[in-house]
Amino acid sequence: VAEEGGPCSLSKMAGADGDDSLYPIAVLIDELRNEDVQLRLNSIKKLSTIALALGVERTRTELLPFLTDTIYDEDEVLLALAEQLGNFTMLVGGPEYVHCLLPPLESLATVEETVVRDKAVESLRKISQEHSPVDLEVHFEPLVKRLASGDWFTSRTSACGLFSVCYPRVSSTVKAEIRQHFRTLCSDDTPMVRRAAASKLGEFAKVLELDYVKSDIISLFTALASDEQDSVRLLAVEACVSIATLLPQEDLETLVMPTLRQAAEDKSWRVRYMVADKFSELQKAVGPEITKNDLVPAFQNLLKDCEAEVRAAAANKVKEFCENLPEDNREQIIMTHILPCVKELVSDTNQHVKSALASVIMGLSTILGKDNTIEHLLPLFLAQLKDECPEVRLNIISNLDCVNEVIGIRQLSQSLLPAIVELAEDAKWRVRLAIIEYMPLLAGQLGVEFFDEKLNTLCMAWLIDHVYAIREAATCNLMKLVEKFGAEWAQNTIVPKVLGMANDPNYLHRMTTLFCINALSEACGQDITTKQMLPVVLKMSNDQVANVRFNVAKSLQKIGPVLDSNALQTEVKPVLEKLATDTDMDVKYFAQEAISVLALA
């Protein structure tokens with residue numbers, strides 16, 4: 001390739017005629033054959049620049065053949081090339097010449113590395129839209145056929161992703177050939193090819209005429225759903241959703257449901273997991289009547305499955321499934337068939353199952369109404385609030401707003417409090433962090449009196465936690481609480497406690513005072529900031545610890561815009577000027593920065 005038409009001649013031509021403006025392009029082209037992978041990668045990423053400089057004709061006749069010949073490179077370079085070529089239509093002269101991009105992309109669609117093949121297929125799908133119907137039959141469809149009948153499984157898997165994009169725009173003769181190729185790949189000897197075909201079955205079904213969906217797709221669907229490989233069977237479940245939406249209601253029972261029932265009871269937990277994961281989509285696709293007769297018992301079985309992963313996936317869908325039940329007998333189906341299974345899951349042996357249920361169970365209260373929630377759901381919520389797994393308790397607390405709308409928070413508050421306290425003091429700091437993030441939401445639902453009485457102490461305790469992330473989150477939490485309850489509440493409840501920490505022997509806690517003042521100043525307003533907070537900040541400028549002093553400078557910069565100009569000039573400026581002559585370099589730096597930002601110089 002380094003001879004005629006190769007990169008050497010390309011770079012010579014780019015730098016020919018003494019045109020210095022093309023010299024950078026010559027460098028980029030030379031980098032395409034450099035031994036250094038990173039240089040080749042950089043050059044590939046700038047391929048559009050090279051193409052623009054060469055012009056459309058030379059891009060077609062010189063650059064693309066060179067790229068096609070060099071499809072033996074590091075995967076990273078090939079991936080970048082596959083992506084670039086998908087955006088090359090205008091650089092080869094527009095839709096009229098877009099077929100010139102097919103040879104390099106065809107080569108990329110056969111390489112061993114999956115991500116490269118996938119990207120090449122993605123680019124081929126993209127440029128297929130640029131082909132005219134004639135070019136599609138003359139250039140694109142033969143490429144699909146070559147890939148579909150290739151010796152290596154890699155090319156056959158790539159072909160599966162291309163049938164649906166060319167099928168709608170070709171003649172009926174070619175359509176028949178495409179359907180035949182797809183049928184062949186669905187029964188390919190290599191599981192990877194059958195897997196690729198199964199993953200595209202639903203997409204292909206959507207572009208087929210209804211008669212062919214019934215005659216071709218259903219038989220393929222049935223065969224793939226009974227494949228010896230569970231990885232193929234589970235992908236057939238995914239296709240089931242698309243196929244069900246295409247068929248008239250009267251055909252669903254005979255053509256789809258036998259296979260779906262079989263999948264819901266498959267010997268492989270992975271297939272049952274996929275059924276559980278796609279349950280809401282399947283439910284919408286088959287409609288209310290089949291849901292009532294077939295899907296309700298299937299859903300019960302999935303909620304009782306012997307594998308925890310399947311139970312967790314089904315538990316995740318409980319609220320959605322119940323919401324989509326037919327309204328006329330929704331309550332009766334939930335109370336009779338679903339709730340008994342849910343009650344068992346509350347005390348499941350697996351924490352992931354309990355956690356999945358806890359993240360959606362509160363949503364049932366809006367579906368079942370006040371009386372059913374108090375009688376049947378409330379005991380379950382309270383049991384979950386006492387669960388030994390922090391994530392279960394956390395998921396219940398984070399979804400309280402659903403129950404609050406239906407029965408009011410008072411019903412829960414007695415059990416809620418111990419759970420919140422336990423989470424607030426959990427040994428895992430990430431659990432403590434999560435409960436802090438829910439505190440403003442809880443505060444809004446519980447009201448200011450309950451909050452002051454029961455939760456205020458907790459919020460203040462977090463400010464002196466030994467983990468910095470908790471202290472930071474606690475500071476942010478205070479700001480949100482002040483926004484919710486108002487400046488007067490802050491002045492009476494929060495500010496005195498925060499300012500009291502300025503005398504704490506631990507310098508980290510003294511710094512937390514400054515962080516809190518930064519966060520609260522805007523929400524509290526000018527009066528409270530100037531009269532109560534500013535004197536404390538100024539006093540801390542004499543702190544023995546340099547970290548505290550430079551944080552004083554940062555705080556004065558932060559609260560400066562809230563203060564009036566008189567306070568800035570008479571109180572803030574002298575302190576910053578003193579800090580600007582501090583012995584510590586950082587203190588000096590931040591003091592000078594504050595002076596210039598506040599324009600006090």
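Quick reminder: no glycine exception, Cβ is built from N, Cα and C everywhere.
Note that this is a predicted model, so its numbers are computed, not measured.
Record features (TrEMBL):
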DOMAIN    101-282  domain 'Phosphatase 2A Regulatory Subunit A helical'
REPEAT    24-62  repeat 'HEAT'
REPEAT    101-139  repeat 'HEAT'
REPEAT    178-216  repeat 'HEAT'
REPEAT    217-255  repeat 'HEAT'
REPEAT    256-294  repeat 'HEAT'
REPEAT    295-332  repeat 'HEAT'
REPEAT    338-376  repeat 'HEAT'
REPEAT    377-415  repeat 'HEAT'
REPEAT    416-454  repeat 'HEAT'
REPEAT    494-532  repeat 'HEAT'
REPEAT    533-571  repeat 'HEAT'
REPEAT    572-601  repeat 'HEAT'
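In terms of DSSP helix, strand and coil, the repeat 'HEAT' (217-255) has 33 helix, 0 strand, 6 coil. A mean pLDDT of 77 is what the model gives for the repeat 'HEAT' (377-415).
Across the repeat 'HEAT' (256-294), DSSP helix (H, G, I), strand (E, B) and coil residues number 32 helix, 0 strand, 7 coil.
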